[in-house]
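Everything on this sheet refers to the single structure shown next.
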Amino acid sequence: MAGGGIGTIGVKKERAENYRGKITLYVIIACIVAAVGGSLFGYDIGISGGVTSMDEFLRRFFYSVYLKKQHVHEDNYCKYNNQVLAAFTSSLYLAGLVASLVASPITRNYGRRASIICGGISFFVGAVLNAAAINLGMLLLGRIMLGVGIGFGNQAVPLYLSEMAPAHLRGCLNMMFQLATTLGIFTANMINYGTSKLHPWGWRLSLGLAAGPAFVMTVGGLLLPETPNSLIEQGNKVEGRRVLEKIRGTENVEAEFEDMVDASELAQSIKHPFRNILKRRNRPQLIMAILMPTFQILTGINIILFYAPVLFQSMGFKRTASLYSSALTGAVLASSTVVSMATVDRWGRRILLITGGIQMIICQVIVAIILGLKFGSDKELSRGYSIIVVVFICLFVAAFGYSWGPLGWTVPSEIFPLETRSAGQSITVTVNLFFTFAIAQSFLSLLCVMRFGIFLFFTGWIAIMTIFVYLFLPETKGVPIEEMMRLWEKHWLWKKVVLEDQQANNTTNGFNHA
């Protein structure tokens with residue numbers, strides 16, 4: 001069995017206390033440029049809801065929805081319920097799901113930069129197709145190309161940030177991906193607010209401006225250095241050490257370099273990372289790779305971010321007021337992510353996830369109660385209650401922004417050993433995009449059927465995920481990425497899984513040697 005002779009799967013000994021280096025301007029610039037990939041994801045999330053609330057866009061591509069919207073007595077919860085309109089939003093995430101599986105071997109064999117470049121080019125093509133769309137087929141093709149870009153970008157960028165960052169600041173630098181995502185959402189909301197006044201072509205400008213960050217991501221991918229982990233994994237140890245010394249600002253990187261070499265040697269012995277990740281010793285990471293992105297989407301955040309303008313219009317806000325409210329939620333999300341960046345490496349991942357979960361539960365319940373009592377099929381919210389709803393939605397978004405938003409990406413990207421890291425990230429992205437697709441495609445119908453109960457549905461899931469974190473997620477703060485395996489050996493539950501597998505392997509190896 002590959003790697004069976006190593007006591008602890010991963011590096012052979014703990015060297016973390018001997019790691020040297022500092023945060024350098026070089027690594028900050030590299031992480032900022034790489035994180036632009038997150039802005040693509042965020043820009044599309046923010047732009048979709050705004051565009052699908054614009055009359056000119058609906059009249060051209062979704063005329064039946066446009067007609068239904070004009071009926072002032074239409075059921076408020078159901079006026080946007082249309083599966084083709086939902087497919088405009090969700091098609092991107094289905095394409096991203098497939099692309100992330102293709103991106104995994106590319107990221108492992110050709111480096112993180114290769115996937116970043118592929119993602120940037122695909123997103124640029126998709127943005128151009130969307131801006132120039134003359135029929136629904138061209139529009140959906142553009143969305144598919146955007147999805148391919150998202151699949152590659154979300155696969156490579158979190159890995160790039162985790163591997164470039166020093167252990168004591170990995171949480172903060174990794175969150176640049178989520179910060180870029182939130183800034184992309186906010187920027188998209190502000191652009192929608194402006195382009196909604198540009199008749200009849202404002203929607204084209206909203207969709208076409210996505211080409212800007214796509215261009216930056218592509219050029220940045222060409223100029224960025226490859227991560228030392230990836231270079232060593234590809235057999236280029238000399239260049240890997242040179243890059244490591246440069247990003248750490250010191251030549252005394254022997255301990256970290258040896259950890260990377262040990263991890264790389266084990267990685268080279270693993271020919272089938274997806275098969276290997278299913279083995280018992282990788283069970284804790286696999287469960288986190290599946291459940292963390294699942295829980296992130298089941299917070300219900302996407303009902304706010306995808307459909308914020310549509311949701312606010314359904315609640316009785318006027319079109320400009322709904323776009324303004326969604327821009328406000330985008331600003332709150334970006335601000336709260338900065339809070340998370342400042343605290344994650346001081347307070348740790350668990351406290352933020354648990355605190356954020358409790359705050360989200362309270363906010364969702366209050367919004368559901370107000371909508372249940374004061375909002376219905378044929379009546380709109382009063383101004384006072386509308387303000388209260390917006391306030392608690394903003395508090396909900398703030399809680400997500402400092403907890404599950406960034407940490408739903410950070411934790412999975414930092415817990416895998418090198419031999420299964422690209423496969424693990426691929427699973428994380430795939431699961432995230434699957435549930436993103438499912439929610440995007442079904443939300444308008446769920447809103448029509450469940451009405452205010454949709455908020456209580458997500459509240460139940462947030463309660464489950466908060467308990468899960470408390471019981472099953474060990475604290476990863478400050479643990480070097482190549483020594484993460486030792487965490488599972490110390491956890492009250494996972495040590496039974498990991499250590500039993502190691503004992504079984506040692507017994508098997510003993511019989512083989514005999």
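Positions of Cβ are set from backbone N, Cα and C atoms, glycine also.
Just so you know, TrEMBL annotations are computer predictions that nobody has curated.
Computed from a predicted structure; not experimentally measured.
Under the heading domain 'Major facilitator superfamily (MFS) profile', TrEMBL lists 30-477.
According to TrEMBL, the transmembrane segment annotation covers 23-43 (among others).
Per TrEMBL, transmembrane segment is recorded for 84-102 (among others).
Here TrEMBL flags 114-134 (among others) as transmembrane segment. Note on the transmembrane segment (114-134): residues 34, 37, 40, 61, 99, 103, 106-107, 141-153, 155-157, 160, 204-205, 207-211, 213-222, 224 of its chain, located 6 or more positions outside it, place their CB under 8 angstroms from a CB of the stretch.
Taken from TrEMBL, the feature transmembrane segment covers 140-161 (among others).
Per TrEMBL, the feature transmembrane segment maps to 173-191 (among others).
For 203-224 (among others), the entry in TrEMBL reads transmembrane segment.
Taken from TrEMBL, the feature transmembrane segment covers 286-310 (among others).
The transmembrane segment annotation in TrEMBL covers 351-373 (among others).
Residues of the same chain lying 6 or more positions beyond the ends of the transmembrane segment (385-405) and with a Cβ under 8 Å from any Cβ of it are 178, 181-182, 295-296, 299, 301, 304, 312, 315-317, 325, 328-329, 332-337, 339-340, 343, 352-353, 355-357, 359-360, 363-364, 366-367, 370-371, 374-375, 465. Positions annotated as transmembrane segment by TrEMBL: 385-405 (among others).
Marked as transmembrane segment by TrEMBL: 426-446 (among others). Long-range Cβ contacts of the transmembrane segment (426-446) within its own chain (Cβ-Cβ under 8 Å, at least 6 residues beyond either end) map to 80-83, 85-87, 89-90, 93-94, 96-97, 100-101, 103-104, 107, 147, 150-151, 154-155, 277, 286, 289-290, 292-294, 296-298, 302-303, 306-307, 310, 408-409, 412-413, 454, 457.
Taken from TrEMBL, the feature transmembrane segment covers 452-473 (among others).
The transmembrane segment (173-191) makes contact with the transmembrane segment (23-43): 3 or more of their CB pairs lie within 8 A, with pairs spaced 6 or more apart in sequence. Among residues of the same chain six or more beyond the transmembrane segment (23-43), those with a C-beta under 8 A of the stretch's C-beta atoms are 116, 119-120, 123, 146, 149-150, 153-154, 156-157, 160-161, 164-166, 169, 173, 176-188, 209-210, 213-214, 216-217, 220, 223-225, 246-249.
For the transmembrane segment (140-161), the residues of the chain that approach it from at least six positions outside its boundaries are 31, 34-35, 37-38, 40-41, 44, 87-88, 91-104, 106-107, 112-116, 118-130, 133, 173-174, 176-177, 207, 210, 214, 217, 224, 227, 409-410, 412-413, 421-422, 425-426, 429, 432-433, judged by C-beta separation under 8 angstroms. Here the domain 'Major facilitator superfamily (MFS) profile' (30-477) has a mean pLDDT of 87 out of 100.
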